[in-house]
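Reviewing the structure listed below.
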Amino acid sequence: MTQRTCGSHLRVLWPVGCGTRRSSGRRRCRVAEIRVDPLTIADRTFSSRLIMGTGGAANLSVLEESLLASGTELTTVAMRRVDSAGKTGMLELLNRLGIALLPNTAGCRGAAEAVLTARLAREALGTEWVKLEVVADERTLLPDAIELVSAAEQLVDDGFVVLPYTNDDPVLAMRLEDAGCAAVMPLGSPIGTGLGISNPRNIEMIVARAGVPVILDAGIGTASDAALAMELGCDAVLLASAVTRSFDPPLMAAAMSDAVRAGRRARNAGRIPKRFWAQASSPLTGNLPTPVDRRPATY
């Protein structure tokens with residue numbers, strides 16, 4: 001395979017028939033035009049629009065296979081939910097794979113706790129990026145809107161690049177953007193439920209008003225959920241449980257990668273309008289006349 005960049009497109013050439021019988025002694029090639037469509041958050045650019053979480057991975061070996069299959073370039077690590085030994089091994093793995101680390105304040109129940117966790121992560125890991133989570137309780141793991149906005153304001157003032165996990169509330173998303181967050185990350189449904197996107201219209205409203213990237217976070221259950229998020233206009237998808245708790249995590253990671261790309265392309269291509277009545281895709285020109293007694297009724 002060879003790659004050539006031309007303007008805003010990446011020209012990818014795949015040889016077809018390698019190792020097989022050639023027709024007329026010549027190698028045939030098919031050419032695909034793939035739009036170069038990077039994800040930009042703050043001052044960083046990523047070629048993959050799939051962000052992976054590490055929570056729930058069976059072991060580092062399976063995690064490595066899954067990360068490689070996903071093609072992700074940014075991965076979250078929960079600072080309060082990983083023990084020291086596990087955290088060290090995970091950080092070494094991410095460093096070896098060249099995947100950027102996004103510390104996560106998962107498990108924090110208030111603004112003060114989340115801010116402290118983010119600052120400790122910055123000191124330990126040398127990064128100002130943080131995925132901000134402030135949940136109201138352990139049963140629902142839903143964001144606490146008041147504490148979340150407070151923590152976001154403090155961290156932005158402290159120089160952090162803040163990516164907040166938030167409810168699917170267009171007004172709250174706007175408040176977080178006004179606070180200076182580099183992206184907004186509305187949930188599709190509660191963390192780990194696999195229920196998909198419960199309120200797609202809310203996600204569309206957030207996308208329509210946002211001036212920063214919108215990253216669908218939480219609730220993804222399967223590849224079609226990830227594709228839908230991108231079709232609704234999200235800039236990226238963040239998921240963990242859908243991969244780590246699946247029967248074959250590396251295979252599911254690859255499926256999620258394909259789904260995110262497919263959903264993004266479908267969004268850019270533009271879906272056809274929905275209609276009440278059918279509309280033939282082929283013209284009637286040249287068709288044989290229909291006998292009068294068999295003509296369909298008109299409405």
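Any Cβ shown, glycine's included, is placed from N, Cα and C.
Since the structure is predicted, the reported quantities are computational estimates derived from the model, not experimental observations.
Marked as domain 'Thiazole synthase ThiG' by TrEMBL: 40-283.
Following the DSSP three-state reduction, the secondary structure of LYS131 (active site, schiff-base intermediate with DXP) is strand. For LYS131, the entry in TrEMBL reads active site, schiff-base intermediate with DXP.
Mapped onto three states, the DSSP output places SER241 (1-deoxy-D-xylulose 5-phosphate binding site) in helix. Residues within less than 8 Å, Cβ to Cβ, of SER241 (1-deoxy-D-xylulose 5-phosphate binding site) and separated from it by at least 6 positions along the same chain comprise GLY53, GLY55, GLY56, ILE191, GLY192, GLY194, ILE220. Residues annotated as 1-deoxy-D-xylulose 5-phosphate binding site in TrEMBL: GLY192, ALA218, GLY219, ALA240, SER241.
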Shell of the 1-deoxy-D-xylulose 5-phosphate site beyond GLY192, ALA218, GLY219, ALA240, SER241, same chain only (C-beta within 8 angstroms of their C-beta centre): GLY53, PRO190, ILE191, THR193, GLY194, ILE220, LEU239, ALA242
Largest separation between Cα atoms (Å) of residues that the record links to 1-deoxy-D-xylulose 5-phosphate, namely GLY192, ALA218, GLY219, ALA240, SER241: 9
Secondary structure of GLY219 (1-deoxy-D-xylulose 5-phosphate binding site) (DSSP, helix/strand/coil): coil
Per-residue Cβ crowding (10 Å cut-off), top of binding-site residues ALA218, ALA240: ALA218
Spatial neighbours of GLY219 (1-deoxy-D-xylulose 5-phosphate binding site) that are distant in sequence (at least 6 apart) but have CB under 8 A: LEU187, GLY188, SER189, PRO190, ILE191, THR193, GLY194, LEU195, GLY196, ILE197, SER198, ASP225
Spatial separation of LYS131 (active site, schiff-base intermediate with DXP) from ALA240 (1-deoxy-D-xylulose 5-phosphate binding site) - C-alpha basis, Å: 14
